[in-house]
Structure formats: C-alpha cells, structure tokens
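Engineer: I'd like to ask some things about the structure below.
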Amino acid sequence: MGKKAIQFGGGNIGRGFVAEFLHKAGYEVVFVDVMDKMVEALQQNKSYKVTEVSEEGEHTTTITNYRAINSKTHESDVIQEIATADVVTCAVGPNILKFIAPVIAKGIDARTESKPVAVIACENAIGATDTLHGFIKQHTSQDRVESLYDRAQFANSAIDRIVPQQAPNSGLDVRIEKFYEWAVEKTPFGSVGHPDIPAIHWVDNLEPYIERKLFTVNTSHATTAYFGHFRGKKMIADALEDKEIRGLVHKVLEETASLIVAKHDISEEEQKEYVEKIVSRISNPYLEDNVDRVGRAPLRKLSRKERFIGPASQLAERGMKYDSLMDAVEMALRFQNVPGDDESAELANILQEQPAEDATTNLTGLEKEHPLYPAVLDRVRKVQQGTK
C-alpha cells in the first residue's frame, strides 16, 4: 500500500504548501475540511495547479492523487483514514486546533498499525503541534494516554512561504512564492525515524528557526501592512517602496535581530543577511500582496506570543531596546473596522468599550507587573485618545 497523509485544511497553505510537498514525496493526500464548497471542489476536480512566482518567472506543478472528506458530515470516514495514515498535518489556523483535535484523537485511538503516525501542525505559531498534542490528550481516555505514543508521535514545525491574495476566479489553483522553509524537529521520532519528506529540513532544536522566522518574516510583513494601511497604501510592495516605511520596518527588524542574536546561536552577520533576504522577498511585486490581507486578524497578531508582543516582551525582560516594536504595535492598534475583517471590528470595539488597562491586558495577555506593560499601555491610551 502507498504512503498516505491526512491534511486538515484545504486552504491556500494546505493546498499550496503542505500538500504540494507531500505529493512530491509520493504521498496520497486526503484533505479534511468543514467548508462544503472547498470539499466539493476538491472532490469534483482530480487535479489543481500550484504556480511558484519569482523574479525569474513562473513554474507550475500539477497536484494529483488526492481525495477530500467533510469532517462535519463524514467523521467516521476521517477516523478510518487516520487509523491507516502515515502522516497527519494541518494548516487551519492556531485558533482552530482545538476543534480538529477530537477527531484526530479518535483516529489515533483506532490505530492498529505497528508504526506510529507522525503528527505535524503547520501553523504560524510557536509550539503549534504541542498545543494540538495537548488537546488530543484531553480527548483521549485516561487509560489510553500512556500508550498514545505507540500510536502517534508529535513534532513541532516552522513553516515559511508567502501566499498572496489569490485571484477571485482561481478556484483550487494557488499562486505562491518560490522560496520556502519547512523545518521540523526530528527528536520526537527517536528510533522509529521521521517520515520521508524531502522538502522538510529535520532539526534537533526548532526554537531558533521558529523565532527567527516569526520575529523576522511575520513581524516585518505585518509591520509593513499596518504602516502601509495607515498611509493609504494598497499593496505590500508599494508600501516598501516608501522610504520612510521601509526605514521603519528595518528599525523594527534591528530590534528583533538583537533578540535573535542574543538568544540563539546565530551571528549578527547571518541574521543581517536573513533580514535582507526577507525584506527582498516581501517587496516582491510579482506576489501582488494586499496590505489589508496581510494586516487582517489584528487580535491574534497582538497576542502574547505573536510577532510583536512576543519579541518585545523578551527584549523588555532582557533590558534591551523595543521602541520601534511599540511603533508597530500602535499601528496594529489603529487597524480598525477594515471591511471583511471581523477582528479589526472587534479591536475597535475593545478599544472603545474597555478602560486602557483592561484593553492592554485583554489584547496582549501581559501581566501588569511585566516590564513591557507600561509601554504598551501608553500606546493603547494614545490610540484611545485619538492622538496621532
């Protein structure tokens, strides 16, 4: 029997990143989603195209050998598929992990295969597989938890690939940047060995990869979006052509770089080169990346372990500079009532309804005693008072 991977989430990252590399590694991919239209489209089309976009031009890969199941209506089928799968991946958004955990737990519990299934969450979040693992344990009966690791192994991953806004008529096809990084920790697999997926860079310690990526790629992308939105720019590439915005983004990245160099075994020179590469990537006009798309979901992006408060809190704890990150936080706080983005409306509501102290705690998860708290509180007050 051939290799089989279950991919939760049929969105652009699921189809255009994870499934592409699973397909290239020889896996049959079973997409699991709750969106009727997405599942039906995957069921009705036997192939779709992933087009890599770069300055050198375009390269298209046709993805085949996949199926799709609606977990809302066919949960028992999903359980059976997981029971005989080699790999389970997901790209659903960090907030959705708790909703997919119950069916994954049932699927793992139904396994009789001698080799455990590899579970890898592919989310823009630190320790996403650990989070999913925790939810799966909650949905596993107590007498089965101890033997859970005979049936499944859990490895965190760091993913990096920019997926711009897709054309409205693109269907299942995905346009995506050529560059990618997919790092996964190999230690959890022990003597069993990790799955054979050539696109994955298997590492002993994932934290440097995750933090470097989140605090460089995601921080710079969102910073560009929030400053760009504030200044009326429509596209990320246009925003970065504005010398002032580009300078502000570089100042933010100098601060996150100082943390990465201080904390991880990465030299100043190496991080500087990485920063230049990232700014060049997000400046790519061929990606046609929309400012409001990149800025959406500001509540998640302002949260405790995310791209702004995550590095700023660690810098504050180390007594290091974080002023430019606070400028970015202020711009994120000003990303309110953007059409099509529920979180930006909720952000506006929180800032309007709650006192500054409550809003600061609720938005960022920072304790009042934390050294970063006063600086964030100042920005919240400033935005609430409507001062520029």
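Cβ from N, Cα, C; glycine included.
Note that the structure is a prediction, hence the values are computed from the model and not measured.
Below are the features listed in Swiss-Prot for this protein:
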ACT_SITE  LYS213  active site
BINDING   ALA5, ILE6, GLN7, PHE8, GLY9, GLY10, GLY11, ASN12, ILE13, GLY14, ARG15, GLY16  NAD(+) binding site
Engineer: At a 10 A cut-off on CB-CB distances, which of the binding-site residues GLY9, GLY11 has the highest count?
Structural biologist: GLY9
Engineer: For the C-alpha pair, I'd like the distance in angstrom between ALA5 (NAD(+) binding site) and LYS213 (active site), rounded off.
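Structural biologist: ALA5 (NAD(+) binding site) to LYS213 (active site), Cα-Cα distance: 26 Å.
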Engineer: Look at the recorded positions ARG15, LYS213 and tell me which residue has the greatest number of other C-beta atoms within 10 angstroms of its C-beta.
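Structural biologist: Per the Cβ count, the most surrounded site is ARG15.
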Engineer: Please list residues from the chain of ILE13 (NAD(+) binding site) whose Cβ is under 8 angstroms from its Cβ, counting only those at least six apart in sequence.
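Structural biologist: Expected: ALA91, CYS122, ILE159, ARG161, VAL163.
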Engineer: At the level of the C-alpha atoms, what whole-angstrom distance separates GLY9 (NAD(+) binding site) and LYS213 (active site)?
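Structural biologist: GLY9 (NAD(+) binding site) to LYS213 (active site), Cα-Cα distance: 22 Å.
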Engineer: C-alpha of LYS213 (active site) to C-alpha of GLN7 (NAD(+) binding site): distance in Å?
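Structural biologist: About 23 Å separate the Cα atoms of these two residues.
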Engineer: State the count of C-beta atoms found within 10 angstroms of the C-beta of GLN7 (NAD(+) binding site), not counting that atom itself.
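Structural biologist: For GLN7 (NAD(+) binding site), the count of other Cβ atoms within 10 Å is 26.
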